[in-house]
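Student: Below are the features I grabbed from TrEMBL:
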- A:1-118: domain 'DNA polymerase III beta sliding clamp N-terminal' (DOMAIN)
- A:129-240: domain 'DNA polymerase III beta sliding clamp central' (DOMAIN)
- A:245-364: domain 'DNA polymerase III beta sliding clamp C-terminal' (DOMAIN)
C-alpha cells in the first residue's frame, strides 16, 4: 500500500471505525482497524462480533493494499498531525510508515487477511429516513431496551414499517417506549426486524444534522448507509413481544403538566437516593396539584406542582429513574399522564410533537 | 439556626468548601461541611487535616446557630433549586430543613461542636498579589513538587520574599521550577515558608481573574484571603534545598526554538509510549535543526524542527513527560534551552514574559 490522503478526513474515518471496537478485547487483531487502499479510495473499517463500521475517503492510491493497525495508536498519531496531506505506506512485514511534513512514524501492523469481516449484503428492502428524525426516534426509545435479558429479543428494538408508518419499540418488563414516524420514501412491502440496542447506540453517535440515512435489510442483517459510512450489523432472531396489547384502553385519572418542571421536581426528589436500587418516589395526585415525595435514611423531600386534572384522586409510586428516562427525552412543553389506578401502568404522551408513548409500571408501596 | 439566603451564593460557597473535603475519608463528620449563621452572615467551611476553606455570604439571620451536613447531599440539593431565596432551619436534633418555592427537604445533620477547626491565626506578615499572576506562578511550578517524598519539604513549594521579589520554587530530584515576580504592595521583612503543593492546587481552583489575593503567615500556618473566602493551611516545617547552587553557571550548547512547535513535536514523538515509566525521547541537536526520536516495541517516531543554534552539536535524552511539563506552561512564543553536555542538566527559559527557569536532568542512554 502507498497512498496520500487528507489528515482531517483520515482522522474522522478512524474515529468512526473506533466506535465499533470493543476496548475490552484481548485479541490484538480486534483492537485494530482495517485500512484498505483500492480504486482511488481509502476504506477504514472497525469490527466487533456484533457489527462493523466502515468509512471511505478519497485518496491518491499509488499502490493498492491493506493492513490492520492498532486503532488507538494510529488514531492518536493522525489526530496530532498537522491539517495537510499524510502519506501511508506499508512494507512486506506489515510495518506502516506514516509521513507528514517533518514527522515520520513507523508502527507495527498485522496482515489484513486475518481480519474478520461481515460479508456483503444483498439488500431486499431499503427505506430512507431523515437523520435528525432517526436520531430522535432512537433517543426516545433505546434506553428502554433490556441489558442481558433472559429473552434476547428484549435487548433489541422492534423496527416495524407498515403502510409507510415506521415504529421503533423497546420494552424491558418495567416500561415500554414507542416512537412513530411517517416515512416519505417508503417501500411497498412491510418490514419487521429486531435491531440490537447497542447497534442503535453506535448508529446514533454517527448521525449528523445533515440529510438522510438509508436503512436496508436482508433476512439476517441490517445495513445503515450514510454519505461515506456504512454500518452492518446482525439482527436479533425471534418474535418481538406483541406490545399493542400492553397499552391500556382507558384510564381513571389524567393530568396535564409542564414537562421540564415535572422533570426538575422528580430530579430534586431523587437527590436523597444513594443507591440505584432504592429510588422510589410517591406521587399524590390531587385536584389541580400533585405532590412528589421521597423518603429514606438521608431524610425526606417534598415537591409540589400545579397540574390540569380530570378523574379520581390517586396515590401511586414509581422507580424515579424509569420515570425520568421517559420524560427527559420529550421536547413538548406539556405532557399528559394517564393513570389506571395504583397497580396499573401509567401512560405518558407529549401534548405536541411526534407520536410517542411511554408506558411505565408502578411500584407497590405499603 | 434559621436563615434566608440566595441560592446562587449558597451554592458557590458550598462548592468552595467541598474542595477541601477528602472524599476518601470514612469519617462521616469530615464528609460534612460546617454551616454557621452569625451576625448577618452565613459561613460555610470545609476541612481536612491539611487545610480549611471557608466562604461567607450575606444572609438574613433570624436565629443564629450552626450545624454540620453531608457536603455532597446539600451541595446537590442547593445546586438543583431555582435561583431565588432559600431558607435553612435546624431543630434540636440537628435535622436541617431546606425550603425553596415548592420544594421542601429535611436532611440529617450532625452537631457543629464536634467539627474540627484550625484556630484563628495572628498574622505576622502579609503580602498582596494579583490573582492572575498568583495563578500563573503556581501553574508554572506546582507540578514539580514531589509526591510522598522521603524529604517532606519536597512535597511543598518554597515561597520566598526578598526585597519585594517573590519566588515560588519546586523541585523533585529530576527537575526544578523557579518562577519570580515583583511585588508592589510588599512588606518590610523577608519571608521564607514552605507551602504544601496540595494547598496550592486547592488555592488555584479558587482563584479568579478579579483583583488581588492577600497572603498572610504566622510561624506555623498560612492564610490566603480572597473577597469572601479564606483558606488556612499548615506550613511544612524544615529547610528547603538551596536551589541556587543547582543552577548551572555556563553552557556548551544553546538553542532558540518555537515553544508550541517543540511541544507538539515531543507530544507526537511520545504517542508510542504506553507506560508512564518508559518514555525516553532522544534529542539530536545539530546546526540549525534538531531531531527528536523515540523508539519502543510499538515502532519508532522521528520529528524534525528548525532552531537557532550556538555552541557544540549534542545528543541527549530526556523523560518526555518531565520535558513537556516545563514547556507547556510557558506562554512565550520562543524559548531558549541551554545544555551543559549529555549528562548535565538543561535549562529552559522563556524569551519573553515573566522570569521563569525550568531545569531538567537528562536520562542516560546507551
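A Cβ is built for glycine as well, from the same backbone N, Cα and C atoms used for every other residue.
Remember, it's a predicted structure, so these values are computed and weren't measured experimentally.
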Student: Taking DSSP states H, G and I as helix and E and B as strand, how many residues of the domain 'DNA polymerase III beta sliding clamp N-terminal' (A:1-118) are helix, strand and coil?
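Tutor: The composition, in the requested order, is 29 helix, 58 strand, 31 coil.
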Student: Using DSSP, how many residues in the domain 'DNA polymerase III beta sliding clamp C-terminal' (A:245-364) fall into helix, strand and coil?
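Tutor: DSSP classes over the domain 'DNA polymerase III beta sliding clamp C-terminal' (A:245-364) add up to 22 helix, 56 strand, 42 coil.
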Student: Counting by DSSP secondary structure, give me helix, strand and coil numbers for the domain 'DNA polymerase III beta sliding clamp central' (A:129-240).
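Tutor: Within the domain 'DNA polymerase III beta sliding clamp central' (A:129-240) the tally stands at 26 helix, 47 strand, 39 coil.
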